[in-house]
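Annotated active site, proton donor per TrEMBL: E65, in sequence order. Marked as Zn(2+) binding site by TrEMBL: H63, C93, C96.
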Amino acid sequence: MTNRWNKSDTLVDDTHYMKQALLEAQKAGERGEVPVGAVVVCKERIIARAHNLTETLTDVTAHAEMQAITAAAATLGGKYLNECTLYVTVEPCVMCAGAIAWAQMGRLVFGAEDEKRGYRRYAPQALHPKTIVVKGILAEESAALMKEFFAAKRR
Ligand SMILES: [Zn+2]
């Protein structure tokens, strides 16, 4: 399989789509959810937008990535997302890394690293071996949203 993502303009695109994920994260924060947002892009089109809904749905599995994967598969009418990119503002947890693997995601792009709950600490091999990982896109903005949220909670 040829990899059409290895273009020199991907960084610009990645920043653009990560901004959309950040908008989703902001929406989550505004409704009292931990501010994590995600979008799924397939053939230069956003096919799913989602944010963390664990409080709203009273469901610990309602992470932004889980919502986005479910929505993307519904839009595409197929469960495999090997031609898609998942953008998420914060490094996925182990559960989401598993879901990303099951979906055979083509690319994973995340913003801020999560040293406490991120998959790379516990399960660095959890992703599908073919999934391309890019990290650090708008990392500061993504981390700042989380910091503000938890600082406001403590007040
Ligand atoms: Zn997760």
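Cβ from N, Cα, C; glycine included.
For the binding-site residues C93, C96, counting C-beta atoms within 10 A of each C-beta gives the highest total at C96. Residues A64, E65, M66, P92, V94, M95, A97, A99, Y119 surround the recorded Zn(2+) site, their Cβ atoms falling within 8 Å of the Cβ centroid of H63, C93, C96, which are themselves excluded. Under the DSSP three-state reduction, E65 (active site, proton donor) is assigned to helix. Reduced to three states, the DSSP call for C96 (Zn(2+) binding site) is helix.
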